């Protein structure tokens with residue numbers, strides 16, 4: 001009730017002042033008074049009050065600045081004079097101001113909540129208005145319709161001006177590609193005083209097949225690579241390519257003395273029969289020695305203290321030269337290599353051979369060179385007990401060193417396993 005009385009008192013005072021003003025009305029004084037009040041209200045008006053004015057319901061006559069400006073511009077085009085220069089009666093101005101202030105005070109509480117949204121909308125409206133004004137300022141519309149249809153839609157000068165201006169962070173595709181070539185992106189020069197890093201180069205690693213292929217290109221050499229082989233070796237149809245293999249014909253020629261000149265007066269050969277004793281006693285090559293365990297190989301081939309310049313040839317074989325003979329030959333070569341680890345490729349026994357297809361083939365071709373001239377197979381039924389005994393004896397090396405030192409059995413020098421069979425290659 002108190003607020004209503006206050007508003008009625010204010011309206012009565014305004015009516016009285018308006019009545020007094022009508023008696024002594026002077027158009028020039030009213031205009032000056034209106035301009036002064038307008039400047040004063042613009043100075044004292046806060047952004048909050050201005051926003052509250054914008055949010056007054058549509059029934060009032062107060063409009064937003066953009067709408068008012070557009071109406072003024074339209075009115076200026078229609079009437080010929082802008083509305084800002086037209087004089088407004090003082091009474092209507094004062095009445096509008098009073099009613100506006102009363103309505104503003106009444107809607108203050110409801111308008112505070114929408115301040116933030118109005119502020120953001122106002123910023124967008126102002127940006128759009130500035131863009132429209134800039135486009136209208138630069139746009140020159142032709143008067144003739146024919147020129148409008150045949151001319152360019154956009155002038156190049158406007159495009160250049162817009163490109164020179166700093167745009168927003170968003171990128172857009174230009175429909176007018178520039179003729180200037182794009183500058184290549186150059187990396188910054190590195191400092192010349194930087195220390196040089198050492199490059200680690202990978203060493204060439206050759207497998208066994210490559211090494212054997214390389215050795216195959218060279219002439220047949222003995223184990224220490226110092227001399228060519230005395231006996232001709234087989235190149236094809238052999239089982240053990242890492243071992244020098246000779247045929248039964250070559251061994252027969254060696255026994256018959258055809259290679260004595262190459263061996264020299266103090267040289268010689270020796271045949272190692274790796275079969276079991278009952279096989280050896282049943283028939284063997286003339287002059288052969290029976291060695292079937294690794295311990296016997298170690299005793300028969302000790303380490304030499306001095307270099308032997310005389311050539312000595314050793315031919316290994318068993319019944320078929322498939323297992324026992326090649327194993328003992330490789331064992332001898334392995335021990336020999338281990339004794340000369342720091343003096344490669346020196347060897348005490350460099351010239352070792354394996355007989356192709358063993359005693360069985362040699363006996364079938366040259367039985368006259370065998371004594372006694374007989375052939376007892378390993379699996380002969382009459383020697384089953386002996387076979388089991390010697391077989392177990394030669395396999396005892398797999399269970400450890402000690403005892404009898406059969407194939408692989410213990411001895412003064414243990415067998416070191418090699419990752420490559422080249423260790424035994426001659």
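For all residues, glycine too, the Cβ spot is worked out from N, Cα and C.
Sequence annotations record features per position, and here Swiss-Prot assigns region 'Disordered' to 1-27.
Summarising the annotation, Swiss-Prot assigns domain 'Rhodanese' to 265-371 and lists sequence analysis as the type of evidence. Across the domain 'Rhodanese' (265-371), mean pLDDT in this model comes to 94.
Here Swiss-Prot flags 318 as active site, drawing on similarity to another entry. Counting every protein chain shown, the Cβ of residue 318 (active site) has 25 other Cβ atoms within 10 Å.
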Mapped DSSP class for residue 318 (active site), helix or strand or coil: coil
